[in-house]
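Below you'll find the structure, written out as structure tokens, and then a few comments.
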Amino acid sequence: MALRTLFTKKSLTLASAFRPIAVASTAGDQRLGSGLSQARGLTVAALPDLPYDYGALEPAISGEIMRLHHQKHHQAYVTNYNNALEQLEAAIAMGDATAVVRLQSAIKFNGGGHINHSIFWKNLKPVNEGGGEPPHSSLGWAIDTDFGSLEALVQKMNAEGAALQGSGWVWLALDKGFKKLTVETTANQDPLVTKGANLVPLLGIDVWEHAYYLQYKNVRPDYLKNIWKVIDWKYASEVYEKETA
Amino acid sequence: MQHHTLSCCGGVRPSLPPPLSFRWSKIKRERCRRLPRCARIAAQLELKAPPYSLSSLEPHMSRETLEYHWGRHHRAHVASLNNLIAGTDLDGMGLDEIVVVSYNKGNPLPPFVHAAQVWNHDFFWQSIKPGGGGRPSGRLMELIERDFGSFDRMLEEFKRAALTQFGSGWAWLVYKANRLDVGNAVNPCPSEKDNKLVVLKSPNAVNPIVWDYFPLLAIDVWEHAYYLDYENRRADYVSIFLEKLVSWEAVSDRLDVAIERAAERAREDETRRQEDDTAVSHSEAVEMYLDSDTDDSEAE
Ligand SMILES: [Fe+2]
């Protein structure tokens with residue numbers, strides 16, 4: 001538990017070195033979006049705390065995997081995203097369009113990594129706290145309607161997750177436009193929104209090798225089979241209800 | 001020492017474009033009949049063992065990593081490839097040709113990922129050796145210094161490529177022969193100096209032979225290549241690979257083949273050009289305006 005708290009809620013203020021003196025960067029700040037811009041600095045991303053211990057998902061996911069995944073991988077996405085944002089703000093302030101464009105891939109990758117993992121941790125829950133309990137409420141009905149049954153959905157996500165080449169994610173998404181559930185995959189750290197502006201992530205499963213390799217080695221299907229034992233359907237249901245209300 | 005030369009299956013060029021109406025399940029048998037070595041119909045591609053024992057790269061790459069990486073991942077790609085191509089006309093082609101044909105000009109067919117990963121892993125195991133590392137010499141070093149400024153700058157660029165391949169994939173040092181991949185234009189004065197060493201990266205299974213480059217060195221940056229030994233520390237793995245594992249002899253031997261191959265192809269291009277010139281001078285002027293017909297005949 002102590003280790004986890006080390007990584008919570010850091011906030012950086014931009015060093016003045018990144019801001020050329022006397023450059024009015026109002027326009028640039030607006031482009032960053034209201035959630036990010038402040039008068040004197042960026043609100044940076046922070047590694048979220050896990051709502052359970054690293055070992056609490058065993059035996060489905062080992063404590064060692066959870067520790068590395070959270071402390072190292074997610075932390076690296078957060079750090080690199082923040083670095084890229086600082087550089088972006090400087091580039092915008094200087095009107096350096098080339099630099100702004102060049103930073104896009106790092107922002108997409110690391111920002112995506114931060115977004116995806118933040119969702120992923122909420123999708124998991126220890127068995128003794130309700131992990132693996134099937135969804136009841138309206139999400140349960142929607143799954144039956146759109147996929148036939150929960151088993152059919154699980155099978156579909158396992159198949160698509162296993163077939164995904166390289167690194168990426170498999171998602172249960174709500175398409176807000178069509179009010180319909182769909183299964184999507186994204187490559188690398190592309191967040192779900194890259195597949196459609198109407199898509200809301202209810203459940204994301206990380207199929208990067210770092211998510212399972214220490215325990216499952218090359219057998220990704222076994223990881224996919226076991227992860228359902230610690231899926232927090234309550235979280236997915238809450239998001240679904242909020243988005244369909 | 002074994003090498004992958006880019007010749008395959010009776011000397012077919014890896015860059016041979018597939019027919020426009022290409023479907024992988026319907027590859028024309030005629031393609032293969034022209035090629036004598038394709039007589040081995042239904043030849044199963046084999047899992048090639050690394051040219052050293054599985055524990056001999058320790059402590060830089062553990063026996064356990066090789067047991068999984070070679071013994072499971074590489075083996076599974078060989079099995080999947082054999083399954084997928086059995087009974088299709090890819091069956092019996094050389095691995096290089098399967099890679100290029102199944103890449104299908106950027107719309108990969110199902111066997112591509114497996115064919116390319118078999119190629120990549122064969123090449124990877126032969127790129128490293130116990131007691132590797134150090135510095136190259138001879139022509140390889142000369143070209144590295146010519147094209148990157150210095151050996152260290154090449155290493156830097158290679159590391160950067162390996163670290164910025166976002167997700168699974170490979171980083172490469174390749175020999176890039178400066179060819180114009182169009183039928184109607186020529187390099188007016190081709191020279192060896194047009195050819196270059198280049199560092200690049202590729203996602204997932206993609207292999208630079210599909211872009212007509214000649215690979216000299218590859219590092220696998222899929223997490224399975226380093227996770228058991230280095231966990232998330234890809235940078236450490238890449239550094240150790242360059243300092244302790246890479247076989248510059250293998251890279252150097254490949255460069256010799258690449259240069260020879262490029263020269264051979266330049267000679268072939270020159271011969272073809274002379275033949276075309278002769279053909280044009282003998283043809284009647286009116287034919288030169290029949291665009292589509294002449295294009296077809298000249299494409300041969
Ligand atoms: Fe991950």
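Glycine too: its Cβ is placed from the backbone N, Cα and C atoms.
Automated prediction, rather than curation, is the source of TrEMBL annotations.
Not measured: the values here are computed from a predicted model.
Mean model confidence of the domain 'Manganese/iron superoxide dismutase N-terminal' (A:47-124) amounts to 97 (pLDDT, 0 to 100 scale). Per TrEMBL, the feature domain 'Manganese/iron superoxide dismutase N-terminal' maps to A:47-124.
According to DSSP, A:His69 (Mn(2+) binding site) sits within a helical segment. According to TrEMBL, the Mn(2+) binding site annotation covers A:His69, A:His117, A:Asp206, A:His210.
Each residue of the domain 'Manganese/iron superoxide dismutase C-terminal' (A:137-238) gets a DSSP state, and the totals for helix, strand and coil are 52 helix, 25 strand, 25 coil. Summarising the annotation, TrEMBL assigns domain 'Manganese/iron superoxide dismutase C-terminal' to A:137-238.
Each of the binding-site residues A:His69, A:His117, A:His210 was scored by other CB atoms within 10 A of its CB, and the lowest score goes to A:His210. In sequence order, A:His210 are the binding-site residues among A:His117, A:Asp206, A:His210 whose C-beta falls under 8 Å from a C-beta of chain B. Counted within 10 Å of its Cβ, the other Cβ atoms near A:Asp206 (Mn(2+) binding site) come to 24, all protein chains included.
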